[in-house]
Amino acid sequence: MANSKTAAEAAIHGQIEKTTAWKDFLALIKMGIVNSNFITTFTGMWLAFYFTGMSFLGNLDIVLLTMIGSSLIIAGSCAINNAFDRDIDILMERTKTRPTVTGKIQPGQAYAFGILLVVLGLIMLLMTTVTSAVIGFIGVFTYAVLYTMWSKRHYTINTVIGSVSGAVPPLIGWTAVTGTIDTTAWVLFMIMFIWQIPHFLSLAIKKTEDYRKAGIPMLPVVYGFEVTKRQIIIWTACLLPLPFFLGGLGWPIVALGTLLNIGWLVIGLMGFKMKDVMKWSTLMFVYSLNYLTIFFVAMIIITLF
């Protein structure tokens with residue numbers, strides 16, 4: 001590991017990409033993750049307004065505090081993750097140009113900045129409801145400590161543990177409005193929790209060699225592709241009943257969710273027939289991204305009519 005890390009460091013420092021401070025900042029906070037969670041947080045909040053009958057425009061203070069606060073804690077958690085993972089990020093093609101790896105942002109700076117963002121975000125969430133702030137803290141702790149610092153490097157169940165943190169944004173949005181969690185909020189949480197596992201296992205198949213080089217015990221690294229495929233199918237199938245608990249949004253959402261789930265399951269089953277595993281995992285990964293966007297945006301749109 002030490003020799004490979006030394007070689008990687010030499011290669012990286014010899015070919016450091018010229019980037020702006022802004023680009024390094026966006027890489028540090030993993031802006032793609034922040035953006036995707038923005039959608040799910042907003043959906044949870046929007047549906048809370050819809051089901052309670054509260055005015056969206058009449059509560060723009062809650063909207064701004066929730067969206068900015070949740071984005072800050074996610075960005076801060078990602079910065080902490082980048083700082084902690086710099087020793088393994090240097091070994092993977094996908095992550096070797098992150099600013100914490102190239103030295104453009106020092107670990108201490110990343111930790112301090114990440115903690116600052118988390119604290120500011122939690123304060124903003126606390127200005128909405130205590131419940132929202134508590135859930136936000138649970139998300140941060142799960143991602144930064146239970147996932148990043150503990151399970152990621154030791155257990156194949158790391159994906160499941162990390163999925164808890166990725167599932168709390170809809171709960172943050174919902175509880176910022178209501179202060180309580182009801183069935184619809186839990187369904188959004190479960191959709192996000194279950195969705196992440198086949199999503200990230202598909203990515204793990206695509207990046208198996210990267211994870212193997214870094215010594216990260218992802219499921220396909222430890223148990224191979226066939227076991228991973230079966231796990232993907234099982235978790236995808238677990239999504240099937242969830243749309244039926246969203247009947248309050250009308251049958252079109254139930255139908256859309258069911259079709260999306262069946263489509264994903266069919267593509268998953270194709271993995272046992274397709275010879276090109278990488279092509280299949282890419283198809284699964286791309287479908288998962290479209291699944292999330294279509295389903296959550298549709299939940300918002302349906303309430304406008």
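Sequential numbering from 1, following the chain as shown.
Cβ coordinates are placed from backbone N, Cα and C, and glycine is handled just like the others.
Annotated transmembrane segment per Swiss-Prot: 38-58 (among others), in sequence order, evidence recorded as sequence analysis. Counting same-chain residues at least six beyond the ends of the transmembrane segment (38-58), those with a Cβ under 8 angstroms from any Cβ of the stretch are 66-67, 70-71, 169-178, 182, 184-185, 188, 192, 248-249, 292-293, 296-297, 299-300, 303.
Marked as transmembrane segment by Swiss-Prot on the basis of sequence analysis: 60-80 (among others).
The transmembrane segment annotation in Swiss-Prot covers 110-130 (among others). Within the same chain, residues 28-29, 62, 65-66, 68-80, 82-83, 100, 136-137, 140, 144, 172, 175-179 sit at least 6 positions outside the transmembrane segment (110-130) and bring their C-beta atoms closer than 8 Å to a C-beta of that stretch.
Annotated transmembrane segment per Swiss-Prot: 131-151 (among others), in sequence order.
Annotation comment: Swiss-Prot describes 161-181 (among others) as transmembrane segment, evidence class sequence analysis.
Marked as transmembrane segment by Swiss-Prot on the basis of sequence analysis: 185-205 (among others). Outside the transmembrane segment (185-205) by six or more residues, the chain places 40, 43-44, 47-48, 159-160, 162-164, 166-171, 174-175, 211, 218-221, 225, 228, 231-232, 235-236, 238-239, 242, 245-246, 264, 268, 277-278, 281-282, 284-285, 288-289, 291-292, 295 with a CB less than 8 A from a CB of the stretch.
Under the heading transmembrane segment, Swiss-Prot lists 227-247 (among others), citing sequence analysis as support.
Positions annotated as transmembrane segment by Swiss-Prot, on the basis of sequence analysis: 249-269 (among others). Counting same-chain residues at least six beyond the ends of the transmembrane segment (249-269), those with a Cβ under 8 angstroms from any Cβ of the stretch are 47, 198, 229, 232-233, 236-237, 239-240, 242-243, 280, 283-284, 287-288, 291, 294-295, 298-299, 302-303.
Within its own chain, the transmembrane segment (285-305) has Cβ neighbours under 8 Å at 36, 39-40, 42-43, 46-47, 50, 191, 195, 198-199, 202-203, 206, 246, 249-250, 252-253, 256-257, 260, 263-264, 267, counting only residues six or more beyond its boundaries. Under the heading transmembrane segment, Swiss-Prot lists 285-305 (among others), citing sequence analysis as support.
Spatially, the transmembrane segment (60-80) is adjacent to the transmembrane segment (161-181); three or more Cβ-Cβ distances between them are under 8 Å for residues at least 6 apart in sequence. With pairs at least 6 apart in sequence, the transmembrane segment (227-247) and the transmembrane segment (161-181) have fewer than 3 Cβ pairs within the 8 Å limit; the two do not touch.
Same-chain neighbours of the transmembrane segment (131-151): 66, 69-70, 73-74, 76-77, 80-81, 84-85, 114, 118, 121-122, 125, 157-158, 161-162, 164-166, 168-169, 171-172, 175-176, 179-181, counting only residues six or more beyond its ends whose CB sits under 8 Å from a CB of the stretch.
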